[in-house]
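What follows is one structure encoded as structure tokens, with my remarks underneath.
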Amino acid sequence: LSRRAEPGPGAGMWPRVTPAAPADAPKVPDCRGDSDGPRRGSLCERHCAAINNAQGDLGELGCHLHRPRGPPATSTPSCCQQHSEEVCESCLVKTTLTAENAVEANKLSNNYKFGFKKWKSHVTARPWEDRSEIVKELYSDLNIVRGPAGSTLTCGNVLYLLLFGWWLSLLYVLVATMMFITVMGAPYGELCWDLAGYFLWPFGKVIQKVEVPKSQQACEAGVGESSALLGGPTAPRWRPRCRLGTGSWHRASAALWLCLGYPLLALAHGLVCVTAWLLIVLIPVAKLSARAASRVLPLPPGRVLIRGLRMTEVPLEGEVILCCYRAANPYYYKYAVDGINVFAVNLLPLVLVTLVLGYVDSPNHLTGSAVKFTLALLSIMPLSYYIGMAIASISAQSNFAVGAVVNATFGSITELTFYITALIKGSREGNRCYAEVVKSALTGTLVGCVLFVPGLCMVIGGIRHQEQRFNSRSAGVSSALLFLSVGGVFAPTLFSKVYGKLVCGECHNVTQNPLGHYLCHNCHFDLVSGDPDPQQGHLGPLVYTVSILLPAAYLVGLFFTLKTHTHIYDIHISDCHMPGHHHSAVVHWSRWRALVILLLSTLCMSACADLATEHISPILTNSTISQYFIGVTVLAMVPELPEIVNGIQFALQNNLSLSIEIGNCIAVQVCMLQIPILVLFTIFYPTNFTLVFSDLHVYASMFSVVLMNYIFMDGKCDYFQGTVLVMVYFILLAVYFFAPSPSGC
């Protein structure tokens, strides 16, 4: 994601979304149209840098000025010649983005719209020529012979030897021995013997599929031992294996191999493939094993040739099946399958395991409640990723109205699913502890998204960038909404403190005097349903009034940022195309496919949330950890892990504005959408949930919002300020950890 400032529509207009050159395409030299170009371009850039240092809006904005495409005699004057001052003035409010196609441009524009889910990953396939060499290597099929690549003695290769190489080589030796004993399988035994040495250390070696030459007929007759396959005489260790006997003998040998040798080796390679794939950094080993089982082992022995690259002095002839140099690659965290990140792919089977164990093993014969609760909670992470990508895909391929409806409907579906199932279970069991856990999770999400998410992004982004800047005006809008939402959410709590009835569990007279002092335990202000206190008649309408006003304020914020004051988020998608970079959009997920995945993920999310609430009760009752701590940490932050990863990726690209907006958006949605929905849900399905929070929740939330606004006041930050936010968050976690469990739990 690159950002450039250039002249565009004035304030109050909608962002212009048109396709542009890829972000990593070669840059055209700036302002080279005439002799004045370099001088004016550099002056313009210095103006922009000075403005950005003074204003701090949207960080690292620069005037990238392009050479005209036409000949110098007929081209129009460059931007530096015509509008140098105007361009530099536009740096104040203008951010220009580049995208490969219109769909990606729409996604980038949606990232800057208030209330839309921010999504870092591409929703379309990037052109192969626009990718870096590092990424291209990730998707290679291990069949490319390169030049000298240095020593093969690396930590990853040694790790392969310790984890897989020694026992895989030993297995090949055993299979080779077994095939030699059968006599008919001797050619395959020779192949397994050579492959045993290969898989012990496959690095720097090549496996080829060679064509059988005419001299092979002489080989079958027992003569012709020196036919060359790669040009010139072939050494005995490289010669093709002779087929022994007649055609029936070949068929019997192949049948024996398919019955005895191949299944065992294919099973071993499958185990290596799955294990290496799950480790992610060892995905090259998974590819190696998969190609060996599917391309090498089914071949006749005479068509497989194994050579060391250092022995190769002439160009290799024949098809290269395997050629591996490194067993590990740390960049495989970027690997994607059909647009889905490899981490989400690896965690998807966990959802199936969770559902099977949860609904098949209901009596807990195989696993206990703690294991099932952990699995259900971990399954929420990949489902949250799929829901987020489906929302981003649908929004990028649809108009604004459809995108807004999808984001408003499914943007908070992950958290609401868990909260509603917990409240239903608590209502059925008559246990108020579930409602307290939901309140703790709501507060934990609010505090975590205000302190931990932006703080962590500042720390990680500050490691790469000394100082980061962000759009202070857009952050100010979110901060104002946060103040409003926190005040509205905790208004019933303050009302209960003033007018509530203090109820205590037990009281003891300390002075043995009826008029003396009493020591009371488990005291709280009781304004729940059924309380004969007359103030209950005032608290209920107040709660419902707040639950209506908060969503209304959220709609006002949407109208303000997306309609009347769009210049705050004035994003311009550049329409400059580099030669040779006109690409049509190839989406990973079509709208219908994304909709189906969205609905299926939501259904699975409901099932996992049901299992989590079903098996959380033993943890709440038997655990020595406070229920407050469980709610504000595990239940609050685990569903937000995909959002945290997106925020970190934006921060590493020096786009801290989106990192901050991710946390602010979630916090605003918690107060202005999720809590009112839970309150309105109690009208149709009575639960123990009331909008009265404990003092600890109130103080922690208000202090977090005040601290965040103080940090974000100047529109710039560094890793030190991020460290402050993270440390304050951990201090609050320590307070929750040592706090006693809420009353009723």
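Keep in mind that glycine also has a Cβ here, set from the backbone N, Cα and C atoms.
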Which range of 90-112, 366-388 is transmembrane segment, per TrEMBL: 366-388
Secondary structure tally of the domain 'Sodium/calcium exchanger membrane region' (594-736) (DSSP, helix then strand then coil): 117 helix, 2 strand, 24 coil
Range from 158-181, 340-360, 366-388, 475-495 with most C-beta pairs under 8 A to the transmembrane segment (254-285): 158-181
